[in-house]
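A.B. asks: Take a look at this one; I'll ask things after.
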Amino acid sequence: MLQPQVPVAREGVPFIGFAAFLTLVSAASECEILTFIFLLATAFTLYFFRDPERFVPDDPSALISPADGKIIVIEKTDKQDFIEGEALKISIFMNVFNVHVNRAPIAGKVDKIIYTPGKFYSADSSQGAEYNENCGIVLTTNSGKKIAFVQVAGLIARRIVCWLEPNDTIQSGRRVGLIRFGSRVDLYLPTDTALSVSVGDKVRAGETILGQII
């Protein structure tokens, strides 16, 4: 299932427009150095807020990566507040060069959204995992399983954007938000989820299958 083409995330438009405006003003003033600097800034903001098409696997039981990046944690944990009991946790770290638009990992209905204020430690640190600001989306899949995916702020990424509301029905691969300037997304899954990835694997939001919700 191919998602519609949206070249940049809507949250990026003001940044891109402002950088482009400064480029034009500098060019009109014939200031070559500033024009070059602001042109680079415009190119960077375009690159950072890019939102490319993704080919979403047409498999209702497939768990799809919600973020671009690298898997840094796979573990079982009971230290979480999103789904009952022990959960299988997958953490995906996004660096500043990754696409930062997040996507739904599976189809379902949003039960609740839990925003937790916090710190801004490095997102790939143990402190960041425990104390950083985050926004958790808890949903019930179409097969009746409870899962959660959590947008986590980071040292540079201090702006979490979530486009969902409770009771929203979402399709797998749908754009659901973004985190500005690099951070992480944590998944909390049933412990019987059959994974097909390992720590260190690089993944793409909306395309990479992480496993199957049994």
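These residue numbers are counts, starting from 1, taken along the chain as shown.
Backbone N, Cα and C define each Cβ position, glycine as well.
Annotation comment: Swiss-Prot describes SER183 as active site, schiff-base intermediate with substrate, evidence class sequence analysis. According to Swiss-Prot, the pyruvic acid (Ser) annotation covers SER183, on the basis of sequence analysis.
In the displayed structure, how are the listed features positioned relative to their neighbours?
C.D. replies: Within 10 Å of the C-beta atom of SER183 (active site, schiff-base intermediate with substrate) sit 35 other C-beta atoms, taking all shown protein chains into account.
Under the three-state DSSP scheme, SER183 (active site, schiff-base intermediate with substrate) falls in the strand class.
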